[in-house]
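Have a look at the structure below, then the notes.
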Amino acid sequence: MVQYYETFGVMLVVITLAFILKLCFFRTDVRKNSPLLMKVLFNLALPCVIFRNLYNNKTLDLDSLYLFIGGIIFQLCGGLISLLVFWFVKDKTIKKLSIFNSFALNTALFIFPVMKSVADDGISKTILFCVANDFCCYAVLRPLYAILGISQNQGNDAFETEEKKKNLITTQEEPMTEIKIEPPQLPELINETQPYQIIEPNDNQVKINSKNETEHHSFWKRIFNQQTQKILKETLRAIFTCVPLYALVLGYLCGLSHIKVPSFIIACIDVGASANTLLSYTVLGIFFEWHIPLKYLWPSIRVVLYRTVYGLIYGLTIYFSCKPFIGDVARFVMLVSPLTPPPLIDTIYSVEYKVSPVDIPILINNLSIIVSYVVILLLMVILNPSFN
């Protein structure tokens, strides 16, 4: 079996070659075609890896439950702590981007090949830890980037209605006109025996209730406007069209139920899974950028430092304090996974929703790849994991 240090060597070589390839041939087209590059990886190679590893997993133990709960705790605590850490940043856009890039993980591209070289069930256990992370990527980060992009592009709050903005513009541009006030004319009395309308005391209450219902309706109309509905539809579509999610369900269903999959299909899945390592590291190298404005360097370093410190505190705490009741592989997964870089979808969502400055997610990702590579390699050299 390939040792972990060989996997790190392959990672370094492939990322470097992919970066050189980008500089030579298609440097200007990476951001424009980034969603297509990610779709090839996430809809082809990654589902094959997930299904193949979960198909071989015939049972679930307590470690599986600990990994699932540990992933949820990591995401919840990471989100809350990032709010406290970056709340006092003066620039609102940088503050939001710092929070967005603080809690999600890129375990699929960065750590799957490494875990495969450490333990036979390393990938299957990492998948359990990353269930909450996948939910965060699709159901939390996408709406946040969409709202931020809309608010930046329109210069107003994302939930402001179109009618209100049109009325504001016309009010400002309309010239002052002369207003003529005519005295009201009394209606002619046609029939002296016309009955008078008697206003009951309940009429006022009806009018008040009607006014409250109108205000309540307008409030929900402002919240669930066309933009909000569009964001909600895109989020639901991203979740229900997520191929790795279906691979996760089918893999567990076939593995735990002992359903026999034809050998030809397994052979095809193995071919797709074998391409995951090359595609993952190639995508990391292609997305790597070097020329980034220096004014975004400190905000990016601040986020990388937070991610590294929080990941080390969480991982080392679990690894050493939970040894009596959590297995070695599960503890190692919860030690290494929190140290992975942020997902590339931060960059993709920034480009898709025209969030500026897009250089901040790119620089955070670049610095995190370097820091994660060094920190995880040092931990593996010190701990020397061997679970096979």
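Backbone N, Cα and C define each Cβ position, glycine as well.
Record features (TrEMBL):
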{"type": "TRANSMEM", "residues": "6-24", "note": "transmembrane segment"}
{"type": "TRANSMEM", "residues": "36-55", "note": "transmembrane segment"}
{"type": "TRANSMEM", "residues": "67-89", "note": "transmembrane segment"}
{"type": "TRANSMEM", "residues": "238-258", "note": "transmembrane segment"}
{"type": "TRANSMEM", "residues": "264-288", "note": "transmembrane segment"}
{"type": "TRANSMEM", "residues": "309-326", "note": "transmembrane segment"}
{"type": "TRANSMEM", "residues": "362-383", "note": "transmembrane segment"}
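Here the transmembrane segment (238-258) has Cβ contacts under 8 Å with residues 42-43, 46-48, 50-60, 108, 127, 131, 134, 138-139, 142 of the same chain, all six or more residues outside its ends. Here the listed stretches are 36-55, 67-89, 362-383, and the one with the most C-beta pairs under 8 angstroms to the transmembrane segment (264-288) is 36-55. Counting residues 6+ beyond its ends, the transmembrane segment (67-89) has Cβ neighbours under 8 Å at 95, 98-99, 102-104, 125, 128-133, 136, 299, 302-303, 306, 310, 314, 318, 330, 333-334, 338 in the same chain. Long-range contacts of the transmembrane segment (36-55) within the same chain, counting only residues at least 6 positions beyond its ends with a Cβ under 8 Å from a Cβ of the stretch, are 30, 108-109, 112, 121, 123-124, 127, 242-244, 246-248, 250-252, 254-255, 261, 266, 269-273, 275-276, 279-280, 283, 286, 344-345, 348.
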